[in-house]
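**Q** Swiss-Prot lists these features:
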type	residues	note
DISULFID	CYS4-CYS22	disulfide bond
SITE	TYR5	site 'Aromatic residue of the functional dyad'
DISULFID	CYS8-CYS18	disulfide bond
SITE	LYS19	site 'Basic residue of the functional dyad'
Amino acid sequence: GFGCYRSCWKAGHDEETCKKECS
């Protein structure tokens with residue numbers, strides 16, 4: 001979900017990583 005993506009991004013990960021992690 002979006003919350004996961006936002007947390008991932010704020011933690012300093014890149015877009016592709018967050019898409020995978022939060023899919």
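Just so you know, glycine gets a Cβ as well, placed from its N, Cα and C.
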**Q** Have a look around CYS22 (disulfide bond) and count the other CB atoms within 10 A of its CB, chains all included.
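**A** Result for CYS22 (disulfide bond): 16 other Cβ atoms within 10 Å.
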**Q** Sequence gap of 6 or more, C-beta under 8 Å: which same-chain residues meet both conditions with respect to LYS19 (site 'Basic residue of the functional dyad')?
**A** TYR5
**Q** CYS4 (disulfide bond) to CYS18 (disulfide bond): how many Å between their Cα atoms?
**A** 8
**Q** I'm trying to understand the geometry here, so how far is the Cα atom of CYS8 (disulfide bond) from the Cα atom of CYS22 (disulfide bond), in Å to the nearest whole number?
**A** 8
**Q** Per 10 Å Cβ neighbour count, which of the disulfide-bonded residues CYS4, CYS8 ranks highest?
**A** CYS8
